[in-house]
Amino acid sequence: MRKAALFIVFLFLASAVSLVLADTQIDKSKVHFYMYGTKTCPHCKKMKEEIPKQFGEQSLTYYELIDNEENGALFSEVYQLTGISGVPAIGIAYDNKLYAIIEGEFNVSATTEIIKTAQENNGLILFVGGKAYILKNETHIEMLEKLFIEHKSALNETQTSSTQSPSKEGICGPGLIFAFALVPLLFKRRR
C-alpha cells in the first residue's frame, strides 16, 4: 500500500513539473508584436497599452496608418494577402518568426497559447472576421513576415498599384460587423 501511495505522489509531482515546463517553453522576451493601426482607433489604443504591460516596453512595433503613405501601402498588401481591412492588425512573432496575425483586439494573456498552437500545427494562425485559419503555405507566410517584421513590400509594384486597397484609416475593429448586424433590426422597427 505504501508503494502505491509513493507511486501516486511521484506521478502527481511529475505531472506538475511537466505542466510547469510546458508553460515556460515560450520565452516572453522573444515575443514581439507588430501592429498596423490608427491614432483615432480606441481598439488600437487599448492594444498599445496592454501589450507592453504584459510583455515589456520594447515588445511592440507600431505602424501608424494616418498620414503615412508607406504604412498605408504596406497595409494595403496585408489586406490583399489576408482580407484584413480593420485595425488593429497585429502580427505576433516569436524568435523573429511570425506565428499569428489578428484583426482587432484580443486577450494578450493568451499570446503564449496562440504561439504554441501555431507551432503544433506548423503554420501561422490568422484571425480575421471572427474566424481562425491556419496558413501553411511557406511562400505566403514569408510574404506576411516581410510586411510585418521587415516592414517591406511583399508584392511587386504593378500588383500594388492595380488593386483596390482599403482606406488609410481602415475600419476600426469589428464594430462594422456589429453595425451590419443591426441594420435589419432598424428596418424591422420601421414597419
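Positions of Cβ are set from backbone N, Cα and C atoms, glycine also.
TrEMBL annotations: computationally assigned, not manually curated.
Listed features, source TrEMBL:
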- 35-90: domain 'Glutaredoxin' (DOMAIN)
- 170-187: transmembrane segment (TRANSMEM)
Residue counts (helix, strand, coil, in that order) that DSSP gives for the domain 'Glutaredoxin' (35-90): 31 helix, 12 strand, 13 coil
Segment-level pLDDT (mean, integer) for the domain 'Glutaredoxin' (35-90): 98
